[in-house]
Amino acid sequence: MASLEVFVLYLRIFFISFMSRARSLFSFVTSPAITAEHGKVQKLQAKPGSDRAPDSWIQYRHSKLVDPSTYNDLGLCGGLPLRVHKHAHLADKGARRAQEDWKRLVGPIRNFTGCLSPRFNGIAVAIPECIPERLEAVTYANEFAFLHDDILDTVGKEDGEEENNEMARGFESVLEPSRNVKMSVSGKSQMQAKLILELLDLDESQAMVLLKSWEGLVKGESGSQHFDFQSLDEYLPHRVVNLGQTFWFGIITFAMGLTVSNEEMELTKPITEPAYATLALANDFFSWEKEYVEFQGNPTSGNMANAVWIIMKEHSVDLEEAKVICQDKIRESCEEYRRRKREFELQSAEQVSIDAHRYLSALEFSISGNVVWSQYTERYHFHKPEHWRQVENVDDDGNKSDDSGIAMKDSPESTVVDVEDNVPSTFLNFGSSGTNIRSKKTLVSPVLETKLPEMTNQVVLAPFQYVSSLPSKKVRHHAIDALNIWFSVPEADLNMIKDAIDQLHNASLMLDDIEDNSPLRRGHPSTHMIYGISQTINSANNLFVMSLDTIRQLKSPDCLDVFISELKRLHIGQSLDLFWTSNVQCPTLEEYYKMVDYKTGGLFQMVAKLMGAKSPKSKRKVPDVSTLTTLFGRYFQIRDDYQNLMSKEYTDQKGFCEDLDEGKFSLPLIHCLTTSPNIRLQSILHQRKTMGKMSFETKKLVLDHLEETKSLEYTKEMLDCLHVRLHKELDVLEKQTGVNNFLLRLLLKRLHVK
């Protein structure tokens with residue numbers, strides 16, 4: 001996927017690899033441990049001793065009942081009703097949009113229709129009570145899962161696992177932003193990022209549950225389609241748990257806006273097992289022809305992960321008899337689910353919330369919807385093309401329409417030991433024994449030896465390795481990946497730029513903590529608290545040399561010029577920050593912003609200029625992102641100023657209002673002193689210099705002053721203003737380049753202070 005648009009759509013989510021052995025829409029389930037609490041759970045108000053469950057836990061606002069005489073469920077659903085969404089056209093819109101994005105970003109689609117069918121859209125009948133505003137996005141997600149699933153059915157084990165791993169990394173970049181996840185730049189990852197952004201915009205907390213569910217599916221199924229199952233009893237639990245529960249649970253709860261706690265999921269898990277078995281078996285039954293064709297076309301596959309195939313092997317029967325057995329199993333599991341659900345409602349209704357009951361009821365519609373939709377979709381009937389050529393406008397139970405309606409929006413003491421000369425000699429050996437080994441020859445006449453062994457770099461690198469190991473959001477890495485949507489820098493050069501920026505950034509962290517006398521860094525002891533000030537300074541200086549050497553390897557005079565120029569500016573900015581603190585001199589707002597442009601924004605400016613120098617594009621096609629990186633640097637620094645005073649996470653990682661201990665003139669403090677000069681506050685700052693820190697009580701007093709002058713409110717307003725301006729600048733750049741940057745938009749969303 002070397003095209004620009006493929007790279008562009010990729011970066012916008014640190015999300016990025018959205019896969020799903022969506023063996024089908026309807027065979028997914030969730031692990032209880034992944035659900036999130038979203039406030040107080042509404043408990044049932046049923047009367048004690050109630051001898052019957054409510055007829056329905058769901059209020060039908062968004063769907064209508066389909067006349068059973070107009071469809072045939074083959075007797076597989078035990079009489080479960082079929083409902084269809086009133087805005088099914090939104091589901092069609094989401095499916096078509098996903099297919100268009102795939103063709104544009106990934107490649108051609110063959111023999112694929114996904115959720116679409118001439119009569120019913122799969123999501124419209126599987127989740128008929130989906131919140132209308134979420135229907136298009138949910139269908140897009142399921143369509144994307146189908147497309148990914150089709151890849152898995154046509155590749156070998158290693159390629160399939162890599163497809164899943166790529167998708168998992170995309171989820172991890174959002175769910176675990178502190179991890180240094182290596183992002184893919186494929187078109188599929190761009191689609192994943194785009195989708196994640198849409199889901200987060202609709203409902204961030206519930207979207208995170210869905211993303212975690214999807215991640216669990218991807219990780220659980222990796223390589224599972226290549227398992228050699230010998231019996232249905234062996235296959236089905238694996239199919240249900242690893243290829244079903246996580247994804248579909250996340251889809252249903254997000255689509256319907258349900259909040260189901262971990263405890264409720266544990267309690268209802270035995271109830272839902274036969275429901276997911278029904279979905280899995282039905283999917284395998286209807287998708288048999290499709291999967292068998294793909295199986296025959298893939299010589300690397302030795303077995304099919306399909307219930308019909310396994311029944312044929314287990315019982316030594318032909319295809320038709322295996323299908324009959326499979327149908328019987330579907331009916332049995334469906335009836336078992338209905339029995340367990342009724343029993344649970346009668347005996348344990350008050351133990352869970354209404355939303356948990358709604359989830360259980362929603363599964364019934366997923367069962368009937370899956371069975372009926374599967375009979376219409378050419379996904380499983382591609383050998384009958386007359387069923388599908390174009391989606392019709394239907395003003396019946398399918399409710400298809402052109403009206404869009406709703407937009408989707410180191411080392412212990414050592415000892416010298418004499419050994420024979422054939423033992424390798426080294427001056428430092430950090431072995432587990434803590435013993436340094438030297439030869440007799442070395443002990444006798446080292447002063448005359450001019451070709452002594454090279455010294456290890458372990459000591460000089462130890463502080464760097466320590467600070468690198470601390471938790472980090474890897475914002476700079478994500479920013480580089482996002483910008484590369486526009487610059488298209490080759491991967492080898494891009495990695496060297498990342499390495500150089502990492503080395504500079506970590507050097508600045510070590511020196512900053514010394515200069516600010518900060519004992520904590522990201523909730524851990526600062527580097528100089530472990531290795532001492534002198535060793536830390538030396539290690540930081542070494543990093544500057546290492547970064548220069550890395551830039552040299554880019555073999556570009558322009559890159560060297562950029563590196564030296566921006567490094568000078570970075571040190572100038574830091575010198576001003578230190579000068580104001582040391583002399584208790586409050587800068588003007590203009591001086592503060594310019595300092596930020598030099599210091600914090602310097603690395604972002606360096607990144608953009610280095611990427612511009614190494615871009616294979618002509619200079620007129622390389623976008624000017626200087627305004628964007630300047631604004632981003634300001635937003636990043638002001639956000640840090642604000643969070644240092646207001647965020648519990650910052651308090652846990654660095655200490656309570658650590659900027660006040662350091663005497664740093666942050667934006668809130670500058671605003672306070674500028675708008676309402678205060679002798680008491682100025683005296684506090686001078687005393688801080690004398691004492692080296694502030695007491696807890698004094699910090700509270702400073703915060704009171706900041707509140708009185710509305711300086712914290714002002715800082716938040718500046719953040720909001722910058723956030724809006726950043727999006728406008730992003731709009732301009734996307735228009736100029738013709739490439740959307742979803743990864744950069746996702747990064748801005750992650751950094752947004754609410």
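Every residue, even glycine, has its Cβ placed from backbone N, Cα and C.
Summarising the annotation, Swiss-Prot assigns Mg(2+) 2 binding site to D149, D153. D149 (Mg(2+) 2 binding site) falls within a helical segment according to DSSP. For D149 (Mg(2+) 2 binding site), other Cβ atoms within 10 Å of its Cβ number 22.
Residues or ranges marked as Mg(2+) 3 binding site in Swiss-Prot: D512, D516. DSSP gives D512 (Mg(2+) 3 binding site) a helix state. Long-range Cβ contacts of D512 (Mg(2+) 3 binding site) within its own chain (separation 6+, distance under 8 Å): S518, Q574.
Summarising the annotation, Swiss-Prot assigns region 'Sesterterpene synthase' to 58-388 and lists similarity to another entry as the type of evidence.
Swiss-Prot lists 392-414 with the feature region 'Disordered'.
Feature annotation from Swiss-Prot assigns signal peptide to 1-24; the stated evidence is sequence analysis.
Taking all protein chains in view, 18 other C-beta atoms sit within 10 angstroms of the C-beta of D516 (Mg(2+) 3 binding site).
The average pLDDT the prediction assigns to the region 'Sesterterpene synthase' (58-388) is 85. Note: the CA-CA distance between D516 (Mg(2+) 3 binding site) and D149 (Mg(2+) 2 binding site) rounds to 52 Å.
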